[in-house]
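Q: The structure under discussion is supplied below as structure tokens; questions concerning it will follow.
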Amino acid sequence: GDHVALEVGAEVRKPEQQQEMWVVPVNRAAAEEGEAEAEVEPEGVPVWFQVAVLSGRYWRTWIRNPVMMASELVQYIFTAVFVGLMYYRLNDVLGEGDFNRAACIWFSFAVLCFTPSYTAITNWAAERLLLKRELGQRLYGMTAYYLARYSVLLPFEIAQCLLFLAIMYFFAGFQASASGFFTFFAVLSMFQIISEGLGACCAVATKTPTSGVILLTFLLLFLLAFSGFLTVKIPIYFVWVQKTSYLTYAYSALVEREFSHITFRDKDTGEVVPGMDAFPESLKTGLTYAQNVGVLAAQLLGMEFIKLGTFHFAYRFNMM
């Protein structure tokens with residue numbers, strides 16, 4: 001009777017307990033010895049199952065920490081209201097409306113490059129030691145961790161971007177159309193995800209959060225400085241920064257999208273000027289709007305591979 005009860009008890013374990021049993025490495029002896037081998041996937045446990053279990057743990061972490069979730073939302077709401085009120089009800093006066101639109105878009109990019117990237121560094125500082133221990137025990141592989149992490153983080157990031165844009169876009173008074181709004185949403189979402197990836201790479205490549213913040217700050221300052229908004233002409237020795245920066249293509253795409261659908265009015269003559277006639281020369285990339293978005297999408301894909309490679313490199317060479 002006791003034997004049967006034990007068998008039944010094993011069958012009715014809670015899902016979490018069953019999942020924990022599955023992710024325990026088959027080769028216990030090697031795990032307990034803590035051999036410093038390169039990444040080895042746990043034997044007999046498919047990657048999809050590792051991802052499912054880890055994703056569930058990430059979701060529970062967010063749900064059980066409402067303060068962390070609320071702090072993220074407050075950041076985006078505050079900055080959206082601030083930017084929206086700063087450029088409240090953009091006008092169509094030439095020399096004012098065109099500059100303020102370009103400035104508002106640039107300011108939005110500044111918010112969405114600093115906020116997620118610094119958050120990535122902060123979160124990594126809390127995850128690093130736990131991840132190193134569990135990888136050493138071969139509970140799961142680095143690729144499974146990466147897929148699980150971003151299967152949870154990406155929906156949150158996209159939702160935060162939507163919240164930010166829903167406030168800022170209509171407060172500022174950009175073109176009132178569904179196509180305009182969702183174009184902004186798509187470009188800003190890609191930009192935000194790349195920015196988070198940049199922060200994650202800086203965090204993983206450095207030993208301490210302080211070092212990661214310093215490295216990230218220098219990178220972001222370079223990207224923002226040569227986006228085409230702060231300078232009319234880029235020095236020849238910094239052109240390569242502008243050509244490789246994801247901010248260049250995202251910024252040019254959104255400014256062109258807005259300017260191509262509006263007109264401006266000359267305050268002195270009353271003449272109506274097509275929006276693209278006021279498009280700043282410093283923002284022209286030599287590409288069409290669609291090509292700028294395409295380059296940004298390609299950079300997003302490239303960033304995902306860079307992030308995954310950085311995580312593997314850091315673990316393989318004991319940089320965690």
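Cβ from N, Cα, C; glycine included.
In TrEMBL, annotation is done automatically, which means it is predicted and not curated.
Checked TrEMBL, it gives:
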DOMAIN    50-258  domain 'ABC-2 type transporter transmembrane'
TRANSMEM  73-90  transmembrane segment
TRANSMEM  105-126  transmembrane segment
TRANSMEM  147-172  transmembrane segment
TRANSMEM  184-206  transmembrane segment
TRANSMEM  213-240  transmembrane segment
TRANSMEM  293-315  transmembrane segment
Q: Output the single range from 73-90, 105-126, 147-172, 293-315 maximising the number of Cβ pairs under 8 Å to the transmembrane segment (213-240).
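A: Counting Cβ pairs under 8 Å, the winner is 105-126.
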Q: Would you say the transmembrane segment (293-315) and the transmembrane segment (73-90) are in contact under the rule of three or more C-beta pairs closer than 8 Å, pairs 6 or more apart in sequence?
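A: Contact criterion not met.
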Q: Which range wins on Cβ pairs under 8 Å with the transmembrane segment (184-206): 105-126, 147-172, 293-315?
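A: Answer, by Cβ pair count: 105-126.
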